[in-house]
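Taken straight from Swiss-Prot:
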CARBOHYD  ASN34  N-linked glycosylation site
TRANSMEM  41-61  transmembrane segment
TRANSMEM  62-82  transmembrane segment
CARBOHYD  ASN95  N-linked glycosylation site
CARBOHYD  ASN108  N-linked glycosylation site
TRANSMEM  137-157  transmembrane segment
TRANSMEM  161-181  transmembrane segment
CARBOHYD  ASN200  N-linked glycosylation site
Amino acid sequence: MFTSLDRNLYVDNHITLTKMDYQNTETIAEQERNASRLPQMFQMSSHPVALFFFLLFRTGAIVAYILGMFFTSSFMLLFIVIFTLLAVDLWTVKNVSGRLLVGLRWRNETGVDGESIWIFESADPSRPRNAVDQKTFWYALYLYPFIWIILGIVAIIRFEFLWLALVAVAIGLTSVNTAAYSRCDKDAKRRWATELADSNSSGFVSRFLSRAFIKRFIG
């Protein structure tokens, strides 16, 4: 038979265990949510494979750089690995990622007189857009050059000018698509606005002429 003291101890222990179980359940649930955010991002993407490779090469280059600072003595090997990753990233983003994720594409051609000509292409603005693809593309496009700039500042502080040269190459390769797609996006918005204005003007003129015709000949 329980005494009053035993009952109180039992209740206190039960409450303590209940709180611990609840906290553990919350912790596990939070860990599961955090673990599922990245896969969920790819699940919500319209082009998960393109999104994966869009992030893979540029992230791999930064990871290789940071690990190489501590775990390798072969700077030339590291330079080749990072340069290869960023070169593949440059081609992939230019020809695949931008077209699939945000409906934009750019290229640069040389004219007859040797002049550099930028050509921007964009998908139909009425095409359904995926918010995950859009946000990830634009955030990553500006974030990664910024990360390389920070790594460059660290190299300057540590007087590692050989590493700084590698960072300069990385900034150059990652900034090409950043600058090109920024111009491509502005050009697309300008053309869409012009086409919309022309369409509205044409519609206004058509309505005006129709009303004038009806009023003149029909009354």
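Each Cβ is built from the backbone N, Cα and C atoms, and glycine gets one as well.
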Which sequence-distant residues neighbour the transmembrane segment (137-157)? Criterion: at least 6 residues beyond either end, Cβ under 8 Å. 54-55, 58, 62, 65-66, 93, 97-98, 101-102, 163-164, 167-168, 170-171, 174-175, 177-178, 181
Can you check which residues sit near ASN95 (N-linked glycosylation site), meaning Cβ under 8 Å from its Cβ, same chain, 6 or more apart in sequence, and list them in order? ARG105
Using DSSP reduced to three states, classify ASN108 (N-linked glycosylation site) as helix, strand or coil. strand
Distant-in-sequence Cβ neighbours of ASN108 (N-linked glycosylation site), under 8 Å, six or more positions away: SER116, ILE117, TRP118, ILE119, ALA180
With DSSP assignments reduced to helix, strand and coil, which class does ASN95 (N-linked glycosylation site) get? helix
